[in-house]
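These come from TrEMBL:
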type     : residues  : note
REGION   : A:1-21    : region 'Disordered'
COMPBIAS : A:7-16    : compositional bias 'Low complexity'
TRANSMEM : A:30-56   : transmembrane segment
TRANSMEM : A:93-114  : transmembrane segment
TRANSMEM : A:126-148 : transmembrane segment
TRANSMEM : A:173-198 : transmembrane segment
TRANSMEM : A:227-247 : transmembrane segment
TRANSMEM : A:284-303 : transmembrane segment
Amino acid sequence: MTIAQETAASTASAATTRRRSRLDAREGRTALFFLLPSLIGVTLFLVVPIVASLVLSFTNWKLLGKPQFLGFANYVRLFTADPQFWTILRNTLFFTAEYLVLNLVISVGLAVWISSLKMGQRWFRVIFFLPTFTPTIAVAIVWMLIFAPDGLFDTMMRALSWTVPGVLTDQTLAMQAVVVVSLWAGVGYNTVLFNAALDMVPASYLEAARIDGATAWDRFWRIRLPLISPTLFFGTVMTAITSLQVFDQIYVMTRGGPGSATATLGYAVYQKGFQAFQMGYASSIAWVMFALIMALTAMQFWLQRKWVHYDN
Amino acid sequence: MTTRSKAAARRALVLDILNHGALALVALLFLFPFFWMVSNAVRSNAEVLAIPVRLLPSVFEWDNFAKAWTEQPFGRFFFNSFVIATSVTAITVVVSCLSGYAFARLRFPGRDLLLMGYLGTLMVPGIMLIIPLYLIINSLGMVNTFQGVILPVAFGTFGSFLLRQFFLSIPNELEEAARVDGASRLRILVSIIVPLSMPAIGLLSLFTFIAQWNNFLWPLIVMTGAENATLPVGLTLFQTQQSTAWNYIMAGATLSMLPGIILAILLQKLIYNSIALNAGLGGR
């Protein structure tokens, strides 16, 4: 190759690179134009609030007046001085644990039951799914009427000669009522989710097991459940995250009462933030909730190695 | 032998019918709260509170729905809910189409990192954001306005991710031809990609609309005036009144549930497929 040829070749490739980078720059500008609305919105309504929430949690801001930086004082107060906080934390964990277990048991049961049908599967799925598409507030108001003193529930219980004094005003029963309403409102999504997962289990696996003499019980515990365990895991994590934030039902049915028997972290954020206007203190409660969500999710990811089977 | 297998077949059939019947019974019990709501919506308030409770009203007052719509402000609340849910859906779809396309088809520095950031925000609980969001809305002078409710919830990152995934499944060759002809990226997005992505856009619209229609805490905080209340917020306003008109509240609750129930029934296939996709993704 002569020197002239070499020079010509390198000039040509340099020109390609230049053209290439000019194209890249143009594509980058187009990308910025496409992303701009989303970026502005996400920055203003997501990134800034996340940072602001953390900063606020270290102050005593009360909406009016000048905020003071307090360091960890809010958090110290929560865990050592606030007489309500441990009750609220206990209520939240109690609700989450009970609701999560019952939701999974019922939704898996319904999913298996529906998948055993030869006809009408999709209609049963729709029926149990309906409440998840309706406002929780409306659901809670209907159930409030059911649980009202001398209402439907009271009447039914009296017919069974079991007198309950006002479910929603009873220290222990109020939380149970909240759990019942949450289950009715929320069990449908997981039912459809697990039913869809069961539909994906190859029929040949079950057939082979049947020929080998496995009972229905064995087929459920040894084949179907392990095969849908990744979906069960997904459902568990999502349900846990939402149940730690429970708010709507409690706002309508009990306002955290009686006393603080049904006050949860979500309700406390609202109450401290928008009724007492202690924005700083409420933010610290919100961050405790966020920490709890992350801890619980991490714990579930750690536990999944013991029970989730990935097919690969 | 044949009689035995015939008997076994008959036994299996009976068990099958019993199985269907039992679940139908459970489903009917499950639907009971809906029945109770409507049954109390169409009776007089005195009969709602009457002791002992009656399963059905003595007189069906179907015009309670019309009264709840006009005499009580449920018509107004319905309108507010509709405007807010529709606006959020429209903004979300447009913004997500644009950003989803950038993530799926355009090369730019830091793309994957940004996408990871978008995914990360999905973990953040909504309740954590309401205090700073309220302060932002307050400083923008948007308290008790529609834009104050709409804007902060219209830029969720889920839509960008969902549409990116769908756009990636569309063959590149379709737009190559248009690009050779000199069509701009925006033109390609609007006239090629969007029409092909209607299932995903429909799904995003459906879930965004329902989520906003059912949303409670955020409009509760922003809408301080009763005339601007959404349906869920409006339903709770009557709780504090001296004499609660329970029949109208039940009529209002029915109205608030109607769009979700209709959509869940009409679009059951779309909903099932999208949830099945989640089940499949969880399965990998």
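We count from 1, first residue shown onward.
Glycine residues also receive a Cβ, built from the backbone N, Cα and C atoms like all the rest.
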Answer key: the stretch among A:30-56, A:93-114, A:126-148, A:284-303 with most Cβ pairs under 8 A to the transmembrane segment (A:227-247) is A:93-114
Given the transmembrane segment (A:93-114), its same-chain partners at Cβ distance under 8 Å and 6+ residues beyond its ends are 121, 124-125, 128, 175, 178-179, 182-183, 186-188, 190-195, 197-198, 220, 224, 232, 235-236, 239-240, 243-244, 246, 264, 296
Within-chain partners of the transmembrane segment (A:126-148) [C-beta distance under 8 Å, separation at least 6 from its ends]
110, 154, 167-168, 177, 180-181, 184-189, 191-192, 248-249, 251-253
Beyond the flanks of the transmembrane segment (A:284-303) by at least 6 residues, Cβ under 8 Å:
53-54, 57-58, 74-75, 78, 85, 89, 92, 96, 233, 236-237, 240-241, 244-245, 265-266, 268-269, 272
